[in-house]
Amino acid sequence: MTITSSVSMLAKSGAFDKCFRQSSIFPCFRPSLPAQASSSIIKDADYFCGRRDDMIFGLKMKNSLFILLGAAIFAFGLVHFNMQNNLAEGGFTGITLLLYFLFGLDPAITNLALNIPLFFIGWKLLGRQMFLYTVLGTVAVSMFLSIFQRYMIHMPLQHDMTLAALFAGVFIGVGLGIIFRYGGTTGGVDIIARLVYKYKGISMGKTMFAFDAAVITLSLLYLSYREAMYTLVAVFLAARVIDFMQEGGYAAKGATIISEKSEEIANRILTEMERGVTVLKGRGSYTKRDRDVLYCVVAKNELPRLKNVIMSVDPHAFVAVTDVHDVLGEGFTLDEQKRPLEQ
């Protein structure tokens, strides 16, 4: 099919009207096509225009909503636990707090002011979709910072800084963890680290650590040593929570099973536990014998039952159990249709 005929079919089917929201440029140009052809062409036009049911402005609606949720949690923790209790932060967030405590500048404004120049510098490094998610995350954080400062819930915890540091770390960690898990960032040091890695070859981790350390050190201009130490507790806890959120909250156990009765064990697991089993080909280093190696993933609470099944078939079976931090796929995903979670 030629380009001219394709364009003609799109125009006749009304697909251009969908792209331009029923534009009135050609109000009387409405020839019809067979329903099947028209439907197919309109779907193609929707794809090229970025108009899918689960998409908005080229972004997945689900991811966008979770990034907004993460930004709200992050901003709530920053306002109610860091700002109210003189706790600092690393990265650009730490700079906004530094400017707030020293000069009274609104963090919602400084967050945008610091990040906007980096957007223009780093958008090619991030890629179109991640760039849009990053803009969404940064703007959302500034928006929620403004809202929570205007409608602040006063919860001063200076008398219990341990509690303040714990809550600051948890809220910031959960908020950022959600943003990162669904493809976004909050800009700032992430973009700088990518630029340094591209042009200087220094790893992103080293750059981010050095930047965070420098910002926290500068925060001693307004922090007492006591507050600085509690800040380190909050930063450490936030990092651990972010890791947990990234790995996923659904942990499981993986079992590697070596037995002379591997086929019987596999059948028992399939029928009694309704769990899948993968058969791998292995060879004993000492015996030089080929044998089947079974691999099975089960929920934590199913592990005792799995051991009982194995031991009832072969008490001499070799079983190695490992932690599985995240599981996607049938039988484990939280999706009602048992489809892998979309990233």
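Including glycine, each Cβ sits where the backbone N, Cα and C put it.
Check TrEMBL against the ranges 185-203, 204-222 and you find transmembrane segment recorded for 204-222. Which of 163-183, 226-246 counts as transmembrane segment depends on TrEMBL, and there it is 163-183.
With pairs at least 6 apart in sequence, the transmembrane segment (130-151) and the transmembrane segment (204-222) have fewer than 3 Cβ pairs within the 8 Å limit; the two do not touch.
Long-range contacts of the transmembrane segment (130-151) within the same chain, counting only residues at least 6 positions beyond its ends with a Cβ under 8 Å from a Cβ of the stretch, are 57-59, 63-64, 67-68, 70-72, 74-76, 78-80, 106-109, 111-112, 115, 119, 122-123, 179, 182-187, 190-191. Using a Cβ-Cβ cut-off under 8 Å and counting only residues 6 or more beyond its ends in the same chain, the transmembrane segment (95-123) has close neighbours at 78, 82-83, 86, 88-89, 131, 134-135, 138-139, 141-143, 145-146, 149, 186-188, 191-192, 194-195, 215, 218-219, 221-222. Under DSSP, residues within the domain 'DUF2179' (275-329) fall into helix, strand and coil as 14 helix, 23 strand, 18 coil.
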